[in-house]
Amino acid sequence: MQSQLTICPEGNSSQKEVYSDFETIKKHLAAVGIGYERWVAEQPLAADASPEEVAKAYKTSIDKIMQQGYKTYDVVSLHPDAPQASEARKKFIDEHTHGEDEVRFFVDGSGMFYIHKAGKVFMMLCTKGDFINLPAGTTHWFDMGPKPFFKAIRVFNNPEGWVATFTGSDISQKFPKYE
């Protein structure tokens, strides 16, 4: 699976521009203030690797991220058979913001960020090796799919600041889900 950016006007999810080239994706996301990089994610991990095992395997990457001023990190890991998969998907499927940056390094699997900015929705399919930074206050939602499979390192300045503030908009219901 390859990373992909799909851009649509906020009122028309069928009118699409689709990009899979890294430099083009980076340029479009940077134009709306979103950081996007490709990092090496080649550490061997078992499908059921614990958060501690992921953190140990990617210690060098975590240290690099923390040098940017973040205070703490965690690892989120979901697989299709996880008992909490359905609830986890529902948690962030509606449009929301956070009081601090949302920074993710995908070390396995995939998930879709939907970023609502400048009258458009930027549907960013993040895959293994993607590093994405949504600045605090960015209006977005996240879909991990009906059978989620991903491992991502998340960093924070203040974990309490990462609580979602929902906008009340139903825009996420007007765009295709990540299936």
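Each residue, glycine too, has its Cβ placed from N, Cα and C.
What you are looking at is a predicted structure, and each value in this text was computed from that prediction instead of being measured.
Residues His96, His98, Glu102 are recorded by TrEMBL as Ni(2+) binders, and the candidate that the same record lists for that site, out of His28, His140, is His140.
The Cβ of Arg104 (site 'Important to generate the dianion') has 20 other Cβ atoms within 10 Å, all protein chains considered. Under a cutoff of 8 A between CB atoms, and with a sequence separation of 6+ in the same chain, the neighbours of His96 (Fe(2+) binding site) are Thr139, His140, Trp141, Ala164, Thr165, Phe166, Thr167. Cα to Cα, Glu95 (site 'May play a role in metal incorporation in vivo') and Glu102 (Fe(2+) binding site) are separated by 14 Å. Packing around Glu102 (Fe(2+) binding site) is summarised by its Cβ count: 23 other Cβ atoms lie within 10 angstroms of its Cβ, all protein chains included. Fewest Cβ neighbours within 10 Å among the binding-site residues His98, His140: this applies to His98.
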